[in-house]
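Trainee: Structure incoming, see below.
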Amino acid sequence: MSPLARTPRKTSVLDTVEHAATTPDQPQPYGELGLKDDEYRRIRQILGRRPTDTELAMYSVMWSEHCSYKSSKVHLRYFGETTSDEMRAAMLAGIGENAGVVDIGDGWAVTFKVESHNHPSYVEPYQGAATGVGGIVRDIMAMGARPVAVMDQLRFGAADAPDTRRVLDGVVRGIGGYGNSLGLPNIGGETVFDPCYAGNPLVNALCVGVLRQEDLHLAFASGAGNKIILFGARTGLDGIGGVSVLASDTFDAEGSRKKLPSVQVGDPFMEKVLIECCLELYAGGLVIGIQDLGGAGLSCATSELASAGDGGMTIQLDSVPLRAKEMTPAEVLCSESQERMCAVVSPKNVDAFLAVCRKWEVLATVIGEVTDGDRLQITWHGETVVDVPPRTVAHEGPVYQRPVARPDTQDALNADRSAKLSRPVTGDELRATLLALLGSPHLCSRAFITEQYDRYVRGNTVLAEHADGGMLRIDESTGRGIAVSTDASGRYTLLDPYAGAQLALAEAYRNVAVTGATPVAVTNCLNFGSPEDPGVMWQFTQAVRGLADGCADLGIPVTGGNVSFYNQTGSAAILPTPVVGVLGVIDDVRRRIPTGLGAEPGETLMLLGDTRDEFDGSVWAQVTADHLGGLPPVVDLAREKLLAAVLSSASRDGLVSAAHDLSEGGLAQAIVESALAGETGCRIVLPEGADPFVLLFSESAGRVLVAVPRTEESRFRGMCEARGLPAVRIGVVDQGSDAVEVQGLFAVSLAELRATSEAVLPRYFG
């Protein structure tokens, strides 16, 4: 447990600023709070004295890896360096704010962000996942937006590992319980199983919010005399030290047991009321600046608001409503109790602000005010326990240039190619391979998980189930909508971090494009092992550069993101897992492209893009041989842009009736998923001379399966030829068939495919 949570409730002497100045040699447990020797010395230099116990707690959480980005900041600057003015044109808020905000036209803006809650979700899976959803939702609320949807990227240990059942069950129930209670549709995501995540599951939650552009709010405190109001839930002992104890350190042999008190406890019904309360406060023009309380609690909210503003701030910490008796100042300041917000309000609007809160039965208290100075001063029953320059807490923490070194094992890993593995040749062998992949935890149906989420609440979900990207209607009068997708591949990123990050970007970009939407912006969550490992830092720096360069090539900006380090147990790190989220815009959701076949009688099936013999890092290599080595598929971002442009035009002109991107499992998996989604069979005729195994199972990037109405085949083929996009006819949709047939090789009934796919997760977790 956190040293903060172990401090006595009552001490003989309150450690005030005055007391600290007169007791310079008093021992302090800075190491237990996660601070290094040089960091503690720097705090003393900043203050000109030793810090009080409360100041020490504040600096320790705000200078943690989770809050300060001290190991990643120097590398994350590359995102800004590679973002052109043209890419910035549509951004209303970017990196550094609670969430990025993008202009989508017609006066509308969309804010979206993905964040991790990995470590808490291993310690206490239900609350860890639930509060992960709650935290990202409040980030979106703090921008002035109404949250409209969530997504999740989940990584667990092997499906048959004993602890995976505990973690998955809690995480899925936590996500569903919180999101469903908020009335937010869960419109997509991804679930991956790999032994490397056994002690370090990844729970990355994304939230999307919508606002009118004039309703944008930012996190800053300005105007001397303006009041600071804390509103929402009471403050308790839950979550204390979460950012420094859980999110900024590795698990040891003791695992999670000693860290349980650091997990927050969520109340989705309080948050649901808080959303409506915030929206009414915004509509009434009652808020100058606002910040949610997440990691580091009031330490973060007060220091960031003051640092981003043009003055100082005073806080009466004993005014904070508590739900635990005899909390110390440090505990109140660092508590991560959920469902709380902090607003800057003009004195003339305080009564109106409090009246709105009373209407919604939201507890609200004036706890301080903005000053014309340059200090953040916090008192406890009239005595000063914090007196610091806020920028040194929030924005000028330590920045490290960690050692970076390509792992000695990388060459051997890349030389271990999958070409040595035995491949299926006959029709029976190919059929068995298809069923083996479909019946593995890696490619089986996720219905067991997704059916625990409400996908269509609020009535604006247009695409969710079976779709590559989730789609929402934003404006009922015009049909304007958005599409969102998140993707990652730790296996590819291990083989080549630069290319792996670009492959994740390319797939998320392509998943948005196949819905008919135009990709416009990116968010990310970078999940890696310990930054103190030079090999991990090499993976991280390569992935950042790959993602930034890829966004520059595609012409879409990174609007914000999150870094999660220390995802390892002892010396065993997770696969490097950069999660990429892409936002797209569509002018009318009625022209969306679904995944399922059979919308039109006798559709022609066409494969767009080039197929190469690329199996290194593939699901086929993983399932059939437990192999991971070689080089990932080639990334061609110019081809991805071309593919997206063709799909957008085809959607606008009604040339395509269904589309599905090709990724894990290749063409065979895409065909099966589209056939099952449409409950319609099809007949595949492979091009003469093609290697059936390569064409069916290769994971080459930049490819899409499309269904084209018979009447539009020549037009669509002509458009592809005119733009230089390879398009090959590979079969037809057979509405009278109940099977997927690969002519001359094998056939599998839809019933067998569905049974194989849907039986897997219930077998492990039901």
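The backbone N, Cα and C atoms fix where each Cβ goes, glycine too.
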Trainee: Check Swiss-Prot: it lists S116, H117, N118, H119, Q264, E336, S337, Q338, S564 as binding substrate. Then name which of R138, R545 it lists for that same site.
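Mentor: So the substrate site in Swiss-Prot includes S116, H117, N118, H119, Q264, E336, S337, Q338, S564 plus, from the candidates R138, R545, R138.
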Trainee: I'd like the Cβ neighbour count for E336 (substrate binding site), meaning other Cβ atoms within 10 Å of its Cβ, all protein chains included.
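Mentor: Cβ-Cβ neighbours of E336 (substrate binding site) within 10 Å number 31.
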Trainee: Given a 10 Å Cβ-Cβ cut-off, pick out the one of the binding-site residues Q338, N562 that has the most other Cβ atoms nearby.
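Mentor: Counting Cβ neighbours within 10 Å, the top one is Q338.
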Trainee: Determine, from DSSP, whether R138 (substrate binding site) sits in helix, strand or coil.
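Mentor: The residue in question, R138 (substrate binding site), is helix (DSSP, three-state).
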Trainee: Look at the binding-site residues S116, N118, N524 and tell me which residue has the greatest number of other C-beta atoms within 10 angstroms of its C-beta.
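Mentor: Compared across S116, N118, N524, the most Cβ atoms within 10 Å surround N524.
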Trainee: Enter the number of other CB atoms within 10 angstroms of the CB of Y69 (ATP binding site).
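Mentor: Cβ-Cβ neighbours of Y69 (ATP binding site) within 10 Å number 17.
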Trainee: Using the CB centroid of Y69, K113, N524, G561 as the ATP site centre, which other residues of the same chain sit with their CB within 8 A?
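Mentor: Checked against the 8 Å cutoff, the neighbours are I95, V114, E115, T523, C525, L526, V558, G560, N562, V563.
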Trainee: State the count of C-beta atoms found within 10 angstroms of the C-beta of H117 (active site, proton acceptor), not counting that atom itself.
Mentor: 33
Trainee: How big is the Cα-to-Cα gap, in Å, between D292 (Mg(2+) 2 binding site) and H117 (active site, proton acceptor)?
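Mentor: A Cα-Cα distance of 16 Å.
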